[in-house]
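Step one of this worksheet: look at the structure below.
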Amino acid sequence: VHLTPEEKTAVTTLWGKVNVDEVGGEALGRLLVVYPWTQRFFDSFGDLSSPDAVMGNPKVKAHGKKVLGAFSDGLNHLDNLKGTFAQLSELHCDKLHVDPENFKLLGNVLVCVLAHHFGKEFTPQVQAAYQKVVAGVANALAHKYH
């Protein structure tokens, strides 16, 4: 991902304020609610029968935290996202058979959740930088599919 120095600063400054537990669970939960077909990858998570069930599900929250942990790692390696996400790409492609389009959906949901959490601080410039990052991460996660 090519970010200007200003974009890198915007991304890392905001990310330093993110509550990974809260935002991760909310982002994954929203993905599962807004795009219900993604729930098929989470059969072992128990009750996903309603938006309230999804958003309150401890397994969704725990996995969301894990997802954002990996995203955080990516932010530390923006110049090598494909290398950083190589193992996760392989896992999601070969073992889990996740449609790579879902990575884009989750990235866009994450941007919405960040905008909700940070309000006016999530300026159009910050959003543009995050859109670049989530697109780069989605591309890196889809790399094994190519």
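Each Cβ is built from the backbone N, Cα and C atoms, and glycine gets one as well.
Feature annotations, reproduced from Swiss-Prot:
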MOD_RES   VAL1  N-acetylvaline
DOMAIN    2-146  domain 'Globin'
MOD_RES   THR12  phosphothreonine
MOD_RES   SER44  phosphoserine
MOD_RES   LYS59  N6-acetyllysine
BINDING   HIS63, HIS92  heme b binding site
MOD_RES   LYS82  N6-acetyllysine
MOD_RES   CYS93  S-nitrosocysteine
MOD_RES   LYS144  N6-acetyllysine
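For the domain 'Globin' (2-146), the model's average pLDDT works out to 89. Using CA atoms as reference points, the modified residues THR12, SER44, LYS59 were checked against LYS82 (N6-acetyllysine), and the closest is THR12.
Between the CA atoms of THR12 (phosphothreonine) and VAL1 (N-acetylvaline) there is a gap of 14 Å, rounded to the nearest whole number. Close to LYS59 (N6-acetyllysine), meaning Cα to Cα within 10 A, are the following modified residues out of VAL1, SER44, CYS93: SER44. Recorded residues VAL1 (N-acetylvaline) and the residue listed as 'S-nitrosocysteine' have their alpha carbons 22 Å apart, per Cα-Cα distance. The most crowded of the modified residues listed here (VAL1, CYS93) is VAL1, judged by how many other CB atoms sit within 10 Å of its own CB. Of all Cβ atoms in the protein chains displayed, 17 besides its own lie within 10 Å of the Cβ of HIS63 (heme b binding site). In this structure, VAL1 (N-acetylvaline) belongs to neither helix nor strand by DSSP; it is coil. Put simply, the residue listed as 'phosphoserine' is 12 Å from HIS63 (heme b binding site) when counted between their Cα atoms. Note: the residue listed as 'phosphoserine' has non-local neighbours LYS59, i.e. same-chain residues 6+ apart with C-beta under 8 A of its own C-beta.
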